[in-house]
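> This is the structure I have questions about; it appears just below.
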Amino acid sequence: MSSWSRQRPKSPGGIQPHVSRTLFLLLLLAASAWGVTLSPKDCQVFRSDHGSSISCQPPAEIPGYLPADTVHLAVEFFNLTHLPANLLQGASKLQELHLSSNGLESLSPEFLRPVPQLRVLDLTRNALTGLPPGLFQASATLDTLVLKENQLEVLEVSWLHGLKALGHLDLSGNRLRKLPPGLLANFTLLRTLDLGENQLETLPPDLLRGPLQLERLHLEGNKLQVLGKDLLLPQPDLRYLFLNGNKLARVAAGAFQGLRQLDMLDLSNNSLASVPEGLWASLGQPNWDMRDGFDISGNPWICDQNLSDLYRWLQAQKDKMFSQNDTRCAGPEAVKGQTLLAVAKSQ
């Protein structure tokens, strides 16, 4: 562990396939415990046989060059609208790049070309309204792209061209109102898609056609009113589905058809008064047990005979039900305020 300034180059070493950010921060903490002191204008550096990991935060200066063996770089919490054009020059072994909380408004199309081995790009909490086409032309190995909490109102398919190995895409906390058709068509390796906390009212029917093994889908905190029967059909391996905090008033019959490996379903805080018979039939059947549970609280359930199918399902799955005391009937008057589970038991 040492300080590093732009006047002190370092000879390259080996490469670690993936240096986790958590491990990096732990190493920095350990170095502090050992009494290592750093100049306030220098970035923090951890050097090992696997390469250099560098963290820069104010009042440190943004580096003018990087050691050739850099595998991890964090430049965060600076008041920047643009990055230095040559920031990544000479760092061809870089695998993780964290640029969160900088106020970035745009990126150059050539920005990532010097780092063809990049696997993680974190752009959380910036001011990006778009990405330049061609940004990812040299990013065939990128696995994780985080664009959380920017100012994206639209997405263009062309922005993501070149991403062949993408496994995790986080677009949460933006201002997205709609998505283009074919957005994920080429992302066959995608495992996690996070579209939570946007302003989406509808989703393109082909949204999930492309990924072959999607495991996590975050759609919470949007304005969705209807869940169609075909949206989830291409993803039989889906394990976590978050639809909470929308305006869902209707879930189509068959919407969950084939989701036999689902571990977690969150439908809480929507506008559901009823659901079609047979909706729950495939969930947890025949050999899966919804091991991480489900939540249907915060909906205005009308607890009449139209929920008989749901009553039966709840009786079988009650041990996995979250927020049981907050899952209550909004009507009819005779059962208003009672828990849905209590009504189910009385049937």
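The backbone N, Cα and C atoms fix where each Cβ goes, and this holds for glycine too.
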> Let me make sure I read this right: Swiss-Prot says Cys303 forms a disulphide bond with another cysteine. Which one, out of Cys56, Cys329?
Cys329
> Run through Asn306, Asn325 and tell me the one Swiss-Prot describes as N-linked glycosylation site.
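My reading of Swiss-Prot gives Asn325.
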> What average pLDDT does the predicted model assign to the repeat 'LRR 7' (237-258)?
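Summing pLDDT over the repeat 'LRR 7' (237-258) and dividing by its length gives 96.
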> Check each residue in the chain of Asn325 (N-linked glycosylation site) that is at least six apart in sequence and keep those whose C-beta is under 8 Å from its C-beta; list them in sequence order.
Thr339
> Tell me the residue counts in helix, strand and coil for the repeat 'LRR 2' (117-138), as DSSP assigns them.
0 helix, 3 strand, 19 coil
> For each of the disulfide-bonded residues (Cys56, Cys329), count the other CB atoms lying within 10 A of its CB, then report the residue with the highest count.
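Per the Cβ count, the most surrounded site is Cys329.
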> State the Cα to Cα distance, in Å, between Cys329 (disulfide bond) and Cys56 (disulfide bond), rounded to an integer.
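Taking the Cα atoms only, Cys329 (disulfide bond) lies 53 Å from Cys56 (disulfide bond).
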> By a 10 A CB contact count over all chains shown, which of the recorded positions listed here is most packed: Asn79, Asn186, Asn269, Asn306?
Asn269
> List only the single closest residue to Asn186 (N-linked glycosylation site), chosen from the recorded positions Cys43, Cys56, Asn306 by CA-CA distance.
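Considering only the listed recorded positions, the nearest one is Cys56.
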